[in-house]
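One structure below.
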Amino acid sequence: MTSSCSLSRPQHLFFFFFLFVPFLSLGQQISVDINSAIWEFPSNPLCLSQQSNFAKSSQFSKNLDSLVSSIPSLKSNTYNFYSLSVGSISDQERVEAIGICNRVVNRVDCLNCIAQAAVNLTTMYCPQHRGAYVRATKCMFRYSDKPIFGKLETSPVLEAPNPSNATGDRNEFIRLQSELLNRLRSMAASGGSKRKYAQGTDPGSPPYTTFFGAVQCTPDLSEKDCNDCLSYGFSNATKGRVGIRWFCPSCNFQIESDLRFFLLDSEYEPDPKPGNDKVKIIIATVCSVIGFAIIAVFLYFFMTRNRRTAKQRHEGKDLEELMIKDAQLLQLDFDTIRLATNDFSRDNQLGEGGFGAVYKGVLDYGEEIAVKRLSMKSGQGDNEFINEVSLVAKLQHRNLVRLLGFCLQGEERILIYEFFKNTSLDHYIFDSNRRMILDWETRYRIISGVARGLLYLHEDSRFKIVHRDMKASNVLLDDAMNPKIADFGMAKLFDTDQTSQTRFTSKVAGTYGYMAPEYAMSGEFSVKTDVFSFGVLVLEIIKGKKNNWSPEEDSSLFLLSYVWKSWREGEVLNIVDPSLVETIGVSDEIMKCIHIGLLCVQENAESRPTMASVVVMLNANSFTLPRPSQPAFYSGDGESLSRDKNQINHIASLNDVTITEFDAR
């Protein structure tokens, strides 16, 4: 502690006494005090008018009282969903009830909220009604004398739209919001019988950069009923507002344009393990006494070392707290991820790189995820982990993959991404059969999307970033084959006004074949490093071959040299994938992309265009392109290329392998 916060010795004794006294309560059952919790409830009763009243002396009244009074003693669960009943199924006086909380509410608060909602509903809002429904800010409770488990109910409706109308293109605003909600609807509906919930973000419509959405159904519903309920809500809710919350008994949703009004998903604490309460109390008491004695004996040493330990705590700030505070991401425990990936089964493995393996996972409520488990042997686990969490979580663009969450437990470093069943571009473009799926329209869309994503990283995001590992395997494809740039483990952050400048590193990491010569040889990197990698990728997409490919007639030429030689000799057909030539020939658009690719892979970094120029060139119908100079590592007779290759053959083989730290020459 600093001098301004120091305590005298008597104060220390009282401080530590009161610090340890609370441990006496360890192991005791958590009591639910419905009077101490403060929740916001609607002032108007939501009694179901079609259901008649009951007499206070009736069996239904007794059953309802029994049900309500039992809620505080329920064992809380991590799913925040409770279904209760009193009375036999054939009994006309049977009461059925459902309580559910928002996903962001912790389980103890959830039970508090439902308990108070039940009391308010039966004593204040709808006394003696045989059916009623109430929605608080964090929970919902409903009961009925009719069967309600697994039954879709869309009435009554509560709607809370933001009073502000959207500005900009209203139709585009509504369309993009609908796309996000419909995507989340499918995810939530496919959840299990314990949770039907999904949340996510999508790029917004200017001037709104991001849309934040969350949808939820009571998990007793079938997949069809959940879909129908949310579809009904989407159709009937007020359109064109900057934010809205919509509720009915069976489902609810929220969509916002401002993160300040959107609660991110929280992680739940595990259920307490069963044990002997008396033993726990005895152990806690003994520990408290021993702890108090130790503190009293060594108080002097604590006080003298106080300033130093405070500094150490500050410098060694817990990485987990840093990730949660800075990134505001969903954090999952290791056991949840191990279950989702079938204990990291090889059948679930999607790929493997220099930093670890990627697995497909399915969470217990049905959401598919991609799990990147960083290798503890890579030597860069923490560095890559911090890079991806701190950078990617704050980036929002339709052509960048979204980081959903993370796990930090012991030595485990795990990143959780949105899952794409189409996997990555390299699975298509380098496969002779799958490549046929990629017509020119799709390939051009991929080229343009990657260009826009890199432009966002270099110039348009709040953080200016050089990716440093742009390649086909780091371009994921969504259901519509739109590209998403992935893997930011080696990305570097620049100051806003420094993206045009050059930096140096003594530890070069990346994939040979995509590396710019100045980066591979001397560790020099800038935005032009990514431009070079993009140019290689463009030529791979057009030719349908890896950058280490050689023609049968001349094994000394690799892709860049072959393209340059064919371009200079006017043999453009040699540069284009035969499947494209058969369908559309060599169009002006293909010629333009070849030209842009060659401009990007020029040996001189200053001659390469910026990504802003690339995007302009791709979108322009008539644009005079500058003449490209020869690409890096080119030699017509192959000698220069061989010499350059031998000079850096310690980096990696010509295979598409990401390599980690090595000293640049």
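Every residue, even glycine, has its Cβ placed from backbone N, Cα and C.
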Task: Listed as N-linked glycosylation site by Swiss-Prot, one of N165, N548 - done: N165
- [ ] For each of the modified residues (Y417, Y519), count the other CB atoms lying within 10 A of its CB, then report the residue with the highest count.
- [x] Y519
TODO: Mind checking which of L350, E352, G356, V358 has the fewest other CB atoms within 10 A of its CB? They're the binding-site residues.
DONE: E352
Task: Y417 (phosphotyrosine) versus V358 (ATP binding site) - Cα distance in angstrom - done: 10
TODO: Restricting to the domain 'Gnk2-homologous 2' (154-260), report the mean pLDDT as a whole number.
DONE: 89
Open item on the list: Through the lens of DSSP with three states only, how would you label Y519 (phosphotyrosine)?
Closed with: helix
Task: the domain 'Gnk2-homologous 2' (154-260), counted residue by residue under DSSP: helix, strand, coil - done: 36 helix, 33 strand, 38 coil
